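Asker: As annotated in TrEMBL:
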- A:Trp73, A:Tyr80, A:Arg81, A:Tyr82, A:Asp139, A:Arg165: substrate binding site (BINDING)
- A:117-217: domain 'Fe2OG dioxygenase' (DOMAIN)
- A:Asn124, A:Arg125, A:Tyr126, A:Arg208, A:Ile209, A:Asn210, A:Leu211, A:Thr212, A:Leu213, A:Arg214: 2-oxoglutarate binding site (BINDING)
- A:His135, A:Asp137, A:His191: Fe cation binding site (BINDING)
Amino acid sequence: MPDHPIDDLFGDAPAALPLGAQAMLLRGFALAQAEALVQGVRQVALHAPWRRMQTPGGKAMSVAMTGCGPLSWVSDRQGYRYADRDPLTGLPWPAMPAAFARLARAAAQQAGFARFAPDACLVNRYEPGARMSLHQDRDERDLGAPIVSVSLGLPAVFLWGGATRGERALRVPLRHGDVVVWGGVDRLRFHGVLPVAPGEHPATGSFRINLTLRKAL
DNA sequence: TAGTACCG
DNA sequence: GGCA
């Protein structure tokens, strides 16, 4: 039996599910905007190409990334940071598509965070087998703003952990159009993504796309 | 340690 | 899944 009320979310569920005191899964929240969001991702990737970043330890991540907005998150042997230019091209990151910021603000408000104004969007592209190990989003200056994470295309299992790496992580299935918002006391929760299973989705083909919107400054 | 290897 |  589950030792958490939402330990198994593979079945049908309400449109909004609490993952913590200040963390919420908004099922299908981005569905109506999904086409515009995917088109925005294509536009961003034209100017800031997909690349697999290196961890500070020198290992390549399995997830291909790009970004948009005044700032975007980067990782290399030097460490994690936000940069105002794409290290690959030397150019400023592409502007954040209006649909991204609009969706993020609406999702944040729905989850109880008013006036969320993201200035950074990290775009993650998962091919089958790609994963993200348990980590914290802690490179933003102002940890008062929430994180808004939008799932598009292939489904994935989201790992929703605790304040320490050791705490058992909840397994949350995420599908096309789902949005997860976390902030406040849950802002530094560990989280990750299990390896994505092979498949095809009408919106994204053989990929899962994840938009992660933050206030970096 | 936003990763992988190896062990049970 | 847990450990280094």
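Backbone N, Cα and C atoms are what each Cβ position is placed from, and that goes for glycine too.
In terms of burial and nearby residues, how do these features look in this structure?
Answerer: A:Asp139 (substrate binding site) falls outside any helix or strand according to DSSP and counts as coil.
A C-beta separation below 8 Å, combined with a sequence spacing of at least six in one chain, links A:Leu211 (2-oxoglutarate binding site) to A:Leu37, A:Val41, A:Phe100, A:Ala104, A:Cys121, A:Leu122, A:Val123, A:Asn124, A:Val148, A:Ser149, A:Val150, A:Leu152. In three-state terms derived from DSSP, A:Leu211 (2-oxoglutarate binding site) belongs to an extended strand segment.
In the three-state DSSP scheme, A:His191 (Fe cation binding site) falls into the strand class. A C-beta separation below 8 Å, combined with a sequence spacing of at least six in one chain, links A:His191 (Fe cation binding site) to A:Leu134, A:His135, A:Gln136, A:Asp137, A:Phe158, A:Leu159, A:Trp160, A:Gly161, A:Ala169, A:Trp182.
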Asker: If I take the Cα of A:Ile209 (2-oxoglutarate binding site) as reference, which of the binding-site residues A:Trp73, A:Tyr82, A:Asp139 has the closest Cα?
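Answerer: The answer is A:Trp73.
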Asker: State the count of C-beta atoms found within 10 angstroms of the C-beta of A:Arg165 (substrate binding site), not counting that atom itself.
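Answerer: That number is 12.
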Asker: Based on Cβ atoms within 10 Å, give me the single least packed residue among the binding-site residues A:Asp137, A:Asp139.
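Answerer: Ranked by other Cβ atoms within 10 Å, the binding-site residues A:Asp137, A:Asp139 bottom out at A:Asp139.
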Asker: When you measure from the Cβ of A:Tyr126 (2-oxoglutarate binding site), which residues in the chain that are at least 6 apart have a Cβ under 8 Å away?
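Answerer: Residues satisfying the criterion: A:Ser62, A:Val63, A:Leu154, A:Ala156, A:Val193, A:Val196, A:Phe207, A:Arg208, A:Ile209, A:Asn210.
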Asker: Neighbourhood of the Fe cation site (A:His135, A:Asp137, A:His191): other residues with Cβ within 8 Å of the Cβ centroid, in order?
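Answerer: Result: A:Met132, A:Leu134, A:Gln136, A:Arg138, A:Arg189, A:Phe190, A:Gly192.
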